[in-house]
Amino acid sequence: MAAAALCFRGFALSVSCFLLAVPLLMAQDPSNLSLEHYAKTCPNVEHVVRTEMECAGCDGSVLLDDTATLIGEKQAEQNVNSLKGFELVDKIKEKLEAECPGTVSCADLLAIAARDATVLVGGPYWDVPVGRLDSKEASLDLANKDIPTPQQGLITLISKFWEKGLDATDMVALVGSHTIGFARCANFRERIYGDFEMTSKSNPASATYLSKLKEICPLDGGDDNISAMDSYTSSTFDNAYFETLIKGEGL
């Protein structure tokens with residue numbers, strides 16, 4: 001479990017940057033992706049990533065640090081207190097560079113790491129086609145514009161996914177990634193003292209859950225207090241997050 005806990009950060013980074021990745025992935029020809037892309041140039045790529053994940057998150061644009069000519073995406077409002085695991089990704093990249101210099105993209109690294117982190121916390125395994133290209137540019141404005149915020153409603157969220165070529169079914173499936181992860185009080189205070197408080201009055205389960213959330217997140221102060229997105233199995237990749245939504249206990 002300790003090893004799995006260390007992978008939450010990399011997992012969160014990989015999943016959270018998905019929306020930013022979609023435009024580039026759509027621009028690249030999917031037929032260029034292959035399970036054998038690194039077969040000759042870096043055959044141990046998956047072993048290297050898996051080893052670091054067990055010991056210890058797109059197009060990779062979110063990994064770019066600020067420079068004199070570029071403002072990165074790490075400080076975007078939706079990223080600054082959310083994305084973690086950059087140091088883990090850097091460590092994996094260092095290992096890959098030692099194994100296969102200038103070969104494996106950060107985009108592929110994130111895709112493989114997301115899969116391995118999912119497996120480590122009890123989720124399914126899948127083969128990851130590789131051959132993605134890294135972005136050499138980043139956009140703080142685009143990150144702020146495209147990444148959903150905690151305050152946005154259902155229609156806005158559906159629209160944002162639609163703009164990336166994803167429908168409501170895709171959105172629901174991707175939201176399931178919240179089976180792992182935590183939220184800061186500052187990001188859900190408005191909800192629990194707003195619409196959640198109103199709707200919970202007709203649902204005993206919601207009312208009980210709301211009381212627990214208010215203990216964690218008072219009306220004033222405690223901005224950095226956290227609550228698990230999945231209040232039942234916060235360290236396991238499963239469908240409990242969806243079950244909590246049906247019960248009226250969705251954060």
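Using the three backbone atoms N, Cα and C, a Cβ is placed for every residue, glycine included.
T179 is the residue from T179, T208 that TrEMBL records in the Ca(2+) 2 site together with D230, T233, D238. Looking up C42 in TrEMBL gives a disulphide bond whose other cysteine, out of C7, C17, C100, C106, is C100. Reported as a whole number, the C-alpha separation between C217 (disulfide bond) and T233 (Ca(2+) 2 binding site) equals 20 Å. Ranking the disulfide-bonded residues C42, C100, C185, C217 by how many Cβ atoms sit within 10 Å of each one's Cβ puts C217 at the top. If you take the C-beta of D238 (Ca(2+) 2 binding site) and look for same-chain residues 6 or more apart in sequence within under 8 angstroms, you find G122, G123, T179.
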